[in-house]
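Some notes on the structure that comes next.
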Amino acid sequence: MNPFQKNESKETLFSPVSTEEVPPQPLSLPKKPPPKICGSNYPLSIAFIVVNEFCERFSYYGMKAVLTLYLYFLHWNEDTSTSIYHAFSSLCYFTPILGAAIADSWLGKFKTIIYLSLVYVLGHVVKSLGALPILGGQMVHTVLSLIGLSLIALGTGGIKPCVAAFGGDQFEEKHAEERTRYFSVFYLSINAGSLISTFITPMLRGDVQCFGEDCYALAFGVPGLLMVIALVVFAMGSKIYRKPPPEGNIVSQVVKCIWFAISNRFNNRSGDIPKRQHWLDWAAEKYPKQLIMDVKALTRVLFLYIPLPMFWALLDQQGSRWTLQATRMNGNLGVFVLQPDQMQVLNPLLVLIFIPLFDLVIYRLVSKCGINFSSLRKMAVGMILASLAFAVAAAVELKINRMTPPQPGPQEIFLQVLNLADDEVKVTVLGDENNTLLEESLRSFQKMPHYAQLHLKTKSQDFHFYLTYHNLSVYTKHSVEEKNWYSLILREDGKNISSMMVKDEGNKTANGMTTVRFINTLHKEVNISLTTDIFLSVGEDYGVSAYITVQSGEYAAVHCRTEDKDFLLNMGLLDFGATYLFVITNNTNQDPQAWKMKDTPANKLSIAWQLPQYALVTAGEVMFSVTGLEFSYSQAPSSMKSVLQAAWLLTVAVGNIIVLVVAQFSGLVQWAEFILFSCLLLVVCLIFSIMGYYYVPIKPEDLQKPADKQILHTQGNVINLETKKTKL
């Protein structure tokens, strides 16, 4: 190494000698270089940043994997659950604008990451507490959940534009190649965190029971713990980070420049004022020429962004509509049972497979065939693949509908009658006008073969029941509400017959797992141990238990206990997604036994049928997202990269808003909604293809700062080079 080079950035070798007296200066030691990883050119500080990103992405995607089912668990319908899920996702992609502004204009990247990570952790704590069953009622759960989601959205969105850029700041300019590899490792850590968390958190939800229910508090708490680890790891590297000071918010400069150009043009709309070549030229009175030229290049790319939100509207439904679809499918794959929310793990897994497959195989084969597969064409093909994925999802939805019982609609209920008396009972159901709605005769310990569909005149209504038992006729009345399932349970009361109406909420299971409930006809309370961590008590004299979610499988010997004896119940095979009713009865010669009835059938269609739609949409994501971001960066000036990143994230936010609006106002059945999204994306793809056809890509050298002449000094000679100009 040349010893004269180390200080040449501050002084030249042949500097003129000053004759002025220079006051003595304190001796300054050379700045210690940042520590490297194993003697390489990679700063040690990036290790803390990559681990932080892995833990943060584990935290975010792990929480998000079970979010839709938790919202459904709070007794919100599918449309409301989908809307809240996508409102949260949209907010997560709006807040990066705020995070970038805070980092660039005020706190700098390091402090912004630290402070907003604290907000992030607080959001996880509130969300986990809100999922504890013992903490208040549904209103408390709802309020805490929404507050927690808002804080999480502010935290994850706020640090999103800062972490990757802060990692890039750790490299010196001469190590550009190492910086490029760092971003690849950074992207790998994102997908690794997503892959692992999307598989683990649904297991924590479904395999662990909290107070007899799915343990959503644990499923939210573990991602929260990972966010705490992410914050601690990031803070540990504080002393070795390079921390560039805030340089001003380029996003605000761009917005102000565009606003001034528009307002200045509006104020000078007189015909006497000469026109200018470009509408942004009206900002020349206030802003420098270089900024205006950069904004011009930026707006050309932003114009192509207009159709992009529709793609994200489809892609982000993997965690909402597709997960809800999986709850009505059979997750038993033979070797293991897959939870509905675990299907999302296919996306990051396939991303890791498809990226090298497309880059190293498919794109090269297309190139060898002489096809010009430009970036815009790749993005258009990605849209087509996503559209096909939703067409496949619609076909799967239709197949599910043919295999599942119908759902009660507005002013409808489903009613079944269960006779627990010792002899035959005749049941007659009358409407308000004494018209016969249902008439059924049931033998002892017999139930109707299926639910009867009854129509209401209003949202809630009283039904009149006439029960004929032996020579007795009994009149009774029960109130019902629309869109619900009910069971009318008949039992002996001395020599008379009596009835009770039970709402069958278990038909609306939110996780696709098996649900069971019990009716205890004994005169003593029964304590039932379904598994080592699932216990319930059923009251005496026809007490009815709540619905309990259990794993599917064989339950040949379930331990039960009364105050004076222990006994075993053989519940047999509990199939995936089915709802069972067990009536515990007394057997005079043996121990009590359970009469088993299936209220709703098991899910018959395998969850593996979702694999084609996941493969298609992930292939579309690789072709659209990875290619689109790379193309956008290549077409914008270096000063506009952060603005472009913010705009790209905004397209994701708008896409989630589209889903929210459609879910709330379309009123379509699910398969028709899938077809609607598929057709909309095809139309958008056509528009995007036309826009791309007329788009003229900018060469990298054309993005350099313009100058009419470049002057090079070489050995005392001046060489004038005319700059090549390209029409924008």
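Here the Cβ of each residue, glycine as well, is placed from N, Cα and C on the backbone.
As annotated in TrEMBL, transmembrane segment covers the listed stretch 184-204 rather than the other ranges in 37-57, 184-204.
Counted over residue pairs separated by six or more positions, the transmembrane segment (674-696) shares fewer than 3 Cβ pairs under 8 angstroms with the transmembrane segment (83-103), which leaves the two as not touching. Relative to the transmembrane segment (378-396), the listed stretch 297-315 leads the set 58-77, 216-236, 297-315, 345-366, 646-668 in CB pairs under 8 A. Tertiary proximity for the transmembrane segment (646-668) is limited to same-chain residues at least six positions away from its ends with a CB under 8 Å from its CB atoms, namely 79, 82-83, 86-87, 89-94, 96-97, 100, 160-161, 251, 302, 305, 308-317, 320, 628-629, 632, 676-677. For the transmembrane segment (345-366), the list of distant contacts is 61, 188, 191-192, 194-195, 198-199, 318, 373, 611, 614-615, 617-619, 621-623, 626: same-chain residues at least six beyond its ends, Cβ to Cβ under 8 Å. Sequence-distant contacts of the transmembrane segment (184-204) (same chain, six or more residues past either end, CB-CB distance under 8 Å): 49-51, 53-59, 61-63, 65-66, 164, 167, 215, 218-219, 222-223, 226, 339-342, 344-345, 347-349, 351-352.
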